Amino acid sequence: MYIHCICTFPIFESTLSRANLPRNMIENSMFEEEPDVVDLAKDSTFPALDPDEVAFEPRSSRLLVRGLGQHDMDEDEEDCESSARLLGMSFMNRSAAHRSSSSPYTRQAPPRSCSRPSGRTMIVCVLFLVIVASLTMVMYFLPGCNFTKRGCQRTNKTTPSEQVYPVSTNGELFPWAQLRLPRSIHPLSYDLTLDPDLDNMTFTGRTVISMSVLHNTKLIVLHSSHLNITKATFKPGDGEARDVTVLEYKPRQQIAVKFSEELKTGQYCVLTLDYSANLSHTYDGFYNSSYTDTDGNKRVLAATQFEPLAARKAFPCFDEPSFKATFLIRISRKPTYLTLSNMPQAKSTPLLNGLIQDEFEKTIVNMSTYLVAFIVANFTPISSHVSETQVSVYSVPDKKEQTDYALDTACKLLEFYNDFFEITYPLKKLDLVAIPDFLAGAMENWGLITFRETSLLVGKQSSNLEKQVVASVVAHELAHQWFGNLVTMRWWNDLWLNEGFATYMQYMSLQTVLPQLDIGNLFLAVRFRALDDDALNSSHAVSMDVNKPEQVEEMFDSVSYEKGASILLMLNASLPGDQQFRKGIIQYLKQFSGLNTDTNDLWNSLTQVFSAQHPNVSEMMSSWTSQKGFPLVTVSRKGGQVTLTQEHFLLTSDNATQTSSLWNIPVTYVTDNCSLAPECRQMFNLKTKSGKTQKSVKWLKLNYRNTGFYIVDYGDEGWAALISALSNNVSVLTQEDRASLIHNIFALSRLGRVSFHQVLNLLKYMSNETQTSPVTEALLQLNVLYQLLDQRQEHSLVARMKSYIKHQFASLMDKQTWKEEEEESVSKQELRSALLKMACSLNEEKCIKQARAQFKQYVESNGTLRIPGDLQQVVFTVAAQSNEDWETLLSMYGQATYDAEKRKMLRGLASTQDPRRIVWILKAGLRGGLIQTQELPLVIYTVCHGFAGYLFVWDFIQENWDSLIEKFPVGSFAIQTIIKSATSQFSTQAHLNQVEGFFSSLKERGSQMRSVQEALETIRLNQRWMDKNLPTLQKWL
Ligand SMILES: [Zn+2]
């Protein structure tokens, strides 16, 4: 999946947003190194749970309930795991930091220094064990509670081996008490028949699942959500088919069939389920969408989005990534529609009711359920061929002429990947489809990739900057056809194996295939943002324990995507030559083709290939995937001796959060002797707390081109030497290295390591800076501070900051033109776009005048005269500040057909400072219609970054929370964006209390989300930064 990251626009953005995080009260006190304890403890901070909640709360139910001798699971792993939990598993996890990768049930150990429990941890663990033991005894002896739906009742005489089960919808006990499915049954193939009715927004279906019995069992458990099962039959091996009763337990979205006789290992059987359901009105499952065509007619369609947990909303299935099977799909439609699915169409059959049934070829590969897809719509395609594969791009008919670029790009990239991975894309067709309602950026369904319209469609006149967006998303989704589809993570804890790789490949492939898109700048900026996010104490390890549905949703975040991609880049950059890494991943893909993997499988594959040059790849990379955060490397020099020291870079750093985490860091550096060419780069492997080397040089710059995932502090002298070198000659370092110095010094100032005065000293060199990355990074960082000051209403400081920025960037701002030049590089467009956005947001007279003139011309030409793509945003934003032009923009928005432009208009509209309009646009976004609900996170994000808007948004979120989580799942990236946007501008105790109070009142409706912890930490950091730096700013600005 491609997350529509709103943070690629350098200006009007906050990074400090991701700055700060206090832990939950309980975490603070004593348990901060113990995730399992933390969750239990968190639960206890809220009023008593009702019995329903307890029944499906996996942690508590496991601790109290999971017995020994459960025949219906992989005994070894399960027992090991349940015993671990019974014994207070944190401790066991610690001593077994890396579990055997052969377990199909592997979950990663929690992050941090698990293998070396400190004295304090030991005490905490012993205390914890005592508490757990006492609690267990109290719970066991006192209430005799079975935690079922019927409430807390005494069960029939319980014995220790007896399991406590929840209650099905029909009142019978549901025979399975866990969130993960038992592994005794494995599906082999699904035969799906679907009959959607787009007039009534309903569908009926029949799912025939052939499966094999892996262990003797009396039970089949699978997923189903919001499906009304009308008939179920079961056929064992060669036996007769017979009707069976299906039990359902809705809170866990599971159904089960019980048998009186055991199904035997090795046996084959078939379960057939008939059902009916409504098409979903949200953005997942089998959902309906509509659009208005150029003649003003409303057209309806139906599409799917299953990742991560929604295939079960369209058909009953074993909805976990490791239950791979083949699929044969049939869908009926009206003659005026077409259907699409993962595979090419095999045949079409007219039905008696006037409809047509399309049947697709059976998949030739085993697929995870989240990759299944089908669409019923009246789209039109354009097609081309890459060797044996037909590549097509589909859109609504009115937008057909916007599909050329996507088709051309997809073909080029498919060719590249076929060659690069040395494994040919296995299907005969690859469809890319733009869907009018689509929440994510895109979804990599095998053979049928779905996109938001803005991620796939570009006009003929579009600028390269707009094409860059489309090419990035296409490159990401195509990479998934190998990373994710062919080789899939075993469970969502290792989502980064999908998303980190696809993100890395997206940048890597575009650098080669479409170098004119200058994708390097974007990748660098993305790595900076990943560092900012990961500096919070509330961040998480790349690979981490994931148990609840909300936790699965939460894995779709910058750690899985951008940090994942960053550590892969670091690994690649630490290897000699550029073919080693490629050979390693080819080995991994070939070894696990069609299978599921975990993180250790990847490192083991790479070790086989790298053994000569890099024998410890597994040891090195585990330090980056199994613990949260990243290191701060401090350089100190005495004579010719250079000492490097590492520590955890943690913005919220106090006694409660201190860690002894160490990373295995491939430190790279260049010196004044040789600093630009790749050959200048030298390496130093820092594994321990500190290391020494000999260098007699004027200065050192670490983290060459910022390919490593760490921040560097050079100390007063080191910074002074670098600043002096840059003042003499900007070109003494690459532009990536200059941007990296700027990013690092702001981060260090946030941490309190360097004074703000020192930051300003470095920025002095900027008067000679002309390259995109250093300028955009400096503008972004200054803008964060500017906005915080603005919203704290520090008027005099705001005025001084404004004149500082104007003065610092005046000559560069003056040089920008308002015309698109022939053959203009993307990098140049990015630079211009960032500078002019900043100039206009500071109310720079010339900028405002130009922007208004451009808007006037555009309106007068009736939209025929085009504003250059990179300038549209600034022009629309300026226009939206005037009453009359806001109305004009709104009416143009209603008619615009070109989605990239339309989205910029929306951002303009949402940047209004008029309170009535702010309230209107928030409501319109929630309601859907003129402004699609999928755009609400963007609207909220934009409103929050205006002076007037952030308080309105905070009220809006509190009042409409239930509607929001109905549209966007708890924990999803959309909800993460909304929470972050709404709270990142707060910097006072009063706001902190409000945010804390509101979210803790939500309980199961979102109080446990990581983004809430991030929001609280960010507000505290903002508060701390303000307290500490306001006097400094008064002095230096
Ligand atoms: Zn993805």
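Backbone N, Cα and C define each Cβ position, glycine as well.
These features come from TrEMBL:
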BINDING   H476, H480, E499  Zn(2+) binding site
DOMAIN    186-371  domain 'Aminopeptidase N-like N-terminal'
DOMAIN    405-624  domain 'Peptidase M1 membrane alanine aminopeptidase'
DOMAIN    699-1020  domain 'ERAP1-like C-terminal'
SITE      Y561  site 'Transition state stabilizer'
TRANSMEM  122-142  transmembrane segment
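This view paints the features noted in TrEMBL onto the structure.
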| residue | record | CB count, 10 Å |
| --- | --- | --- |
| H476 | Zn(2+) binding site | 31 |
| H480 | Zn(2+) binding site | 26 |
| E499 | Zn(2+) binding site | 28 |
| Y561 | site 'Transition state stabilizer' | 28 |
Looking only at C-alpha atoms, tell me how far H480 (Zn(2+) binding site) is from Y561 (site 'Transition state stabilizer'), rounded to the nearest Å. 12
